[in-house]
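Notes to accompany the following structure.
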Amino acid sequence: MKLAVFASGSGSNFQSIVNAIHEGRLDASVEVLICDKPDAFVIERATKENIPYFAFQAKEYENKTAYERVIIEKLEEHGIDFIALAGYMRLIGPTLLERYPEKIVNIHPSLLPSFPGKDAIGQAFRAGVKVTGVTIHYVDAGMDTGPIIAQKAVDLEEDETEESIAAKIHEVEHAIYPETLQKIQANLSRV
Ligand code: GRF
(Lines of atoms letter the chains of each structure in order from A; the text may use other names.)
(Lines give C-alpha, C1' and ligand atoms only; values in the text may rest on other atoms or scores of the structure.)
Protein backbone atom coordinates (compact mmCIF):
# COMPACT_ATOMS: atom_id res chain seq x y z
CA MET A 1 0.00 0.00 0.00
CA LYS A 2 1.52 3.29 -1.15
CA LEU A 3 0.26 5.81 1.35
CA ALA A 4 -0.05 9.55 1.35
CA VAL A 5 -0.56 11.08 4.79
CA PHE A 6 -2.37 14.43 4.98
CA ALA A 7 -1.67 16.48 8.12
CA SER A 8 -1.82 20.07 9.34
CA GLY A 9 -0.15 20.00 12.74
CA SER A 10 2.27 18.22 15.01
CA GLY A 11 2.11 14.95 13.12
CA SER A 12 2.32 12.51 16.01
CA ASN A 13 -0.04 10.22 14.09
CA PHE A 14 2.07 10.61 10.95
CA GLN A 15 5.03 9.51 13.10
CA SER A 16 3.17 6.53 14.53
CA ILE A 17 2.41 5.29 11.00
CA VAL A 18 6.02 5.75 9.91
CA ASN A 19 7.28 4.00 13.06
CA ALA A 20 4.93 1.05 12.48
CA ILE A 21 6.32 0.68 8.97
CA HIS A 22 9.92 0.81 10.25
CA GLU A 23 9.08 -1.80 12.89
CA GLY A 24 7.39 -4.15 10.40
CA ARG A 25 3.91 -3.77 11.93
CA LEU A 26 2.50 -2.09 8.84
CA ASP A 27 3.14 -3.42 5.38
CA ALA A 28 3.04 -0.10 3.52
CA SER A 29 5.16 2.90 2.63
CA VAL A 30 4.52 6.58 3.22
CA GLU A 31 5.44 8.02 -0.17
CA VAL A 32 4.44 11.61 0.45
CA LEU A 33 3.12 13.99 3.10
CA ILE A 34 0.51 16.55 2.06
CA CYS A 35 0.40 19.54 4.40
CA ASP A 36 -1.67 22.72 4.22
CA LYS A 37 0.41 24.57 6.86
CA PRO A 38 3.93 25.25 5.60
CA ASP A 39 5.24 25.81 9.16
CA ALA A 40 3.67 22.71 10.74
CA PHE A 41 5.95 20.47 12.81
CA VAL A 42 4.89 17.44 10.74
CA ILE A 43 7.09 18.81 7.92
CA GLU A 44 10.15 18.50 10.16
CA ARG A 45 9.19 14.93 10.89
CA ALA A 46 8.88 14.14 7.17
CA THR A 47 12.23 15.76 6.43
CA LYS A 48 13.89 13.71 9.16
CA GLU A 49 12.37 10.55 7.70
CA ASN A 50 13.39 11.48 4.13
CA ILE A 51 9.75 11.48 3.09
CA PRO A 52 8.91 13.99 0.36
CA TYR A 53 6.23 16.52 1.16
CA PHE A 54 3.98 18.94 -0.63
CA ALA A 55 3.13 22.01 1.45
CA PHE A 56 0.57 24.48 0.18
CA GLN A 57 -1.57 27.36 1.36
CA ALA A 58 -5.21 27.15 0.36
CA LYS A 59 -5.50 30.93 0.11
CA GLU A 60 -3.07 30.93 -2.80
CA TYR A 61 -5.55 29.01 -4.93
CA GLU A 62 -8.78 30.16 -6.47
CA ASN A 63 -10.81 27.44 -4.78
CA LYS A 64 -10.71 23.91 -3.30
CA THR A 65 -10.95 22.28 -6.74
CA ALA A 66 -7.81 24.13 -7.85
CA TYR A 67 -5.60 22.99 -4.98
CA GLU A 68 -7.07 19.49 -4.90
CA ARG A 69 -6.13 19.13 -8.59
CA VAL A 70 -2.55 20.01 -7.71
CA ILE A 71 -2.65 17.55 -4.80
CA ILE A 72 -3.85 14.82 -7.20
CA GLU A 73 -0.90 15.57 -9.51
CA LYS A 74 1.47 15.07 -6.55
CA LEU A 75 -0.30 11.87 -5.49
CA GLU A 76 -0.10 10.48 -9.01
CA GLU A 77 3.60 11.36 -9.25
CA HIS A 78 4.13 9.20 -6.18
CA GLY A 79 1.84 6.36 -7.31
CA ILE A 80 -0.41 6.76 -4.26
CA ASP A 81 -3.20 4.24 -3.83
CA PHE A 82 -4.41 5.08 -0.32
CA ILE A 83 -4.73 8.25 1.76
CA ALA A 84 -4.65 8.55 5.56
CA LEU A 85 -5.78 11.86 7.02
CA ALA A 86 -4.00 12.51 10.31
CA GLY A 87 -5.00 15.85 11.78
CA TYR A 88 -5.72 17.39 8.37
CA MET A 89 -7.92 20.35 9.21
CA ARG A 90 -9.77 20.67 5.91
CA LEU A 91 -12.78 18.99 4.42
CA ILE A 92 -11.96 16.79 1.45
CA GLY A 93 -13.78 18.02 -1.66
CA PRO A 94 -15.43 16.16 -4.53
CA THR A 95 -12.29 16.42 -6.71
CA LEU A 96 -10.25 14.21 -4.37
CA LEU A 97 -13.20 12.03 -3.33
CA GLU A 98 -13.97 11.15 -6.94
CA ARG A 99 -10.34 10.35 -7.74
CA TYR A 100 -9.84 8.14 -4.65
CA PRO A 101 -13.27 6.59 -3.91
CA GLU A 102 -13.22 4.54 -0.68
CA LYS A 103 -9.48 5.06 -0.49
CA ILE A 104 -9.39 7.88 2.05
CA VAL A 105 -9.60 7.33 5.82
CA ASN A 106 -9.51 9.69 8.77
CA ILE A 107 -8.79 9.40 12.49
CA HIS A 108 -10.97 11.40 14.85
CA PRO A 109 -10.45 11.82 18.61
CA SER A 110 -13.94 10.87 19.80
CA LEU A 111 -16.42 8.03 19.53
CA LEU A 112 -18.31 9.27 16.46
CA PRO A 113 -21.05 10.27 15.95
CA SER A 114 -20.42 12.06 19.25
CA PHE A 115 -18.32 15.22 19.08
CA PRO A 116 -17.61 15.62 15.36
CA GLY A 117 -15.68 18.62 14.07
CA LYS A 118 -13.04 20.70 15.78
CA ASP A 119 -11.82 20.25 19.36
CA ALA A 120 -13.46 16.88 19.95
CA ILE A 121 -11.38 16.40 23.09
CA GLY A 122 -12.47 19.77 24.52
CA GLN A 123 -16.07 18.97 23.60
CA ALA A 124 -15.88 15.65 25.48
CA PHE A 125 -14.25 17.34 28.49
CA ARG A 126 -16.91 20.05 28.68
CA ALA A 127 -19.71 17.52 28.28
CA GLY A 128 -18.35 15.61 31.28
CA VAL A 129 -18.61 12.24 29.55
CA LYS A 130 -17.09 9.28 31.35
CA VAL A 131 -16.19 7.44 28.17
CA THR A 132 -14.78 8.89 24.98
CA GLY A 133 -12.40 7.40 22.45
CA VAL A 134 -11.04 7.25 18.95
CA THR A 135 -12.71 6.53 15.60
CA ILE A 136 -11.25 5.63 12.23
CA HIS A 137 -13.66 6.06 9.35
CA TYR A 138 -13.85 6.33 5.60
CA VAL A 139 -14.06 9.89 4.40
CA ASP A 140 -17.11 11.20 2.60
CA ALA A 141 -18.22 14.73 1.81
CA GLY A 142 -19.40 15.45 5.36
CA MET A 143 -17.54 16.48 8.49
CA ASP A 144 -16.46 13.24 10.25
CA THR A 145 -19.47 11.37 8.84
CA GLY A 146 -18.20 8.48 6.67
CA PRO A 147 -18.63 4.77 7.45
CA ILE A 148 -16.89 3.72 10.66
CA ILE A 149 -14.05 1.19 10.36
CA ALA A 150 -12.71 0.95 13.92
CA GLN A 151 -13.31 2.47 17.33
CA LYS A 152 -11.67 2.22 20.70
CA ALA A 153 -13.14 3.53 23.94
CA VAL A 154 -11.16 5.46 26.56
CA ASP A 155 -12.48 5.55 30.15
CA LEU A 156 -12.28 8.89 31.90
CA GLU A 157 -11.77 9.33 35.64
CA GLU A 158 -13.24 12.00 37.91
CA ASP A 159 -10.21 14.25 37.91
CA GLU A 160 -9.34 14.35 34.20
CA THR A 161 -8.17 17.57 32.58
CA GLU A 162 -8.29 18.33 28.89
CA GLU A 163 -4.57 17.60 28.82
CA SER A 164 -4.88 14.23 30.55
CA ILE A 165 -7.72 13.23 28.20
CA ALA A 166 -5.63 14.29 25.20
CA ALA A 167 -2.71 12.18 26.42
CA LYS A 168 -4.92 9.08 26.76
CA ILE A 169 -6.53 9.67 23.37
CA HIS A 170 -3.21 10.13 21.58
CA GLU A 171 -1.81 6.94 23.09
CA VAL A 172 -4.78 5.01 21.73
CA GLU A 173 -4.57 6.77 18.35
CA HIS A 174 -0.93 5.86 17.91
CA ALA A 175 -1.76 2.17 18.37
CA ILE A 176 -5.07 1.93 16.54
CA TYR A 177 -4.21 3.86 13.35
CA PRO A 178 -1.32 1.68 12.19
CA GLU A 179 -3.23 -1.46 13.29
CA THR A 180 -6.30 -0.47 11.29
CA LEU A 181 -4.28 0.50 8.23
CA GLN A 182 -2.63 -2.90 8.38
CA LYS A 183 -6.07 -4.59 8.44
CA ILE A 184 -7.17 -2.50 5.46
CA GLN A 185 -3.95 -3.37 3.63
CA ALA A 186 -4.48 -7.09 4.33
CA ASN A 187 -8.02 -6.89 2.93
CA LEU A 188 -6.94 -4.96 -0.15
CA SER A 189 -4.17 -7.39 -0.98
CA ARG A 190 -6.55 -10.36 -0.63
CA VAL A 191 -8.47 -9.29 -3.76
C1 GRF B 1 -5.43 13.81 16.36
O2 GRF B 1 -6.04 13.85 17.63
C3 GRF B 1 -6.40 13.33 15.33
O4 GRF B 1 -7.34 12.42 15.82
C5 GRF B 1 -7.11 14.61 14.95
O6 GRF B 1 -6.09 15.57 14.95
C7 GRF B 1 -5.08 15.20 15.88
C8 GRF B 1 -3.76 15.25 15.16
O9 GRF B 1 -2.66 15.09 16.03
N10 GRF B 1 -7.81 14.46 13.71
P11 GRF B 1 -1.20 14.87 15.44
O12 GRF B 1 -0.91 16.06 14.52
O13 GRF B 1 -1.19 13.57 14.69
O14 GRF B 1 -0.28 14.87 16.61
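Count begins at 1; order follows the chain as displayed.
Including glycine, each Cβ sits where the backbone N, Cα and C put it.
Keep in mind that TrEMBL annotations are predicted by a computer and have not been checked by a curator.
As the structure is a computational prediction, the values presented were derived from the model and not from experiment.
Among the features that TrEMBL reports, domain 'Formyl transferase N-terminal' is placed at 1-181.
According to TrEMBL, the feature N(1)-(5-phospho-beta-D-ribosyl)glycinamide binding site maps to GLY11, SER12, ASN13. According to its DSSP assignment, SER12 (N(1)-(5-phospho-beta-D-ribosyl)glycinamide binding site) is helical.
According to TrEMBL, the (6R)-10-formyltetrahydrofolate binding site annotation covers LYS64, MET89, ARG90, LEU91, ILE92, ASN106. LYS64 ((6R)-10-formyltetrahydrofolate binding site) carries a helical DSSP state (H, G or I). Every protein chain shown contributes to the tally, and the Cβ of LYS64 ((6R)-10-formyltetrahydrofolate binding site) ends up with 16 other Cβ atoms within 10 Å.
For HIS108, the entry in TrEMBL reads active site, proton donor. Annotation for HIS108 (active site, proton donor): spatial neighbours PRO116, ALA120, VAL134, THR135, ILE136, HIS137, ASP144, criterion Cβ-Cβ under 8 Å with sequence separation of six or more. In the three-state DSSP assignment, the secondary structure recorded for HIS108 (active site, proton donor) is strand.
Of all Cβ atoms in the shown protein chains, 19 besides its own fall within 10 Å of the Cβ of ASP144 (site 'Raises pKa of active site His'). Residues or ranges marked as site 'Raises pKa of active site His' in TrEMBL: ASP144.
When the Cα positions of LYS64, MET89, ARG90, LEU91, ILE92, ASN106 are compared pair by pair, the longest gap among these (6R)-10-formyltetrahydrofolate-binding residues is 19 Å.
Less than 8 angstroms from the CB of ASN106 ((6R)-10-formyltetrahydrofolate binding site) sit ALA84, LEU85, TYR88, ILE136, HIS137, TYR138, VAL139, ASP144, GLY146, each of them six or more residues away in the same chain. If you compare Cα positions, SER12 (N(1)-(5-phospho-beta-D-ribosyl)glycinamide binding site) sits closest to MET89 out of the binding-site residues MET89, ARG90, ILE92. Taking the mean position of the Cβ atoms of GLY11, SER12, ASN13 as the N(1)-(5-phospho-beta-D-ribosyl)glycinamide site, the remaining same-chain residues with a Cβ inside 8 Å of that point are ALA7, GLY9, SER10, PHE14, GLN15, SER16, VAL42, ARG45, ALA86, GLY87, HIS174.
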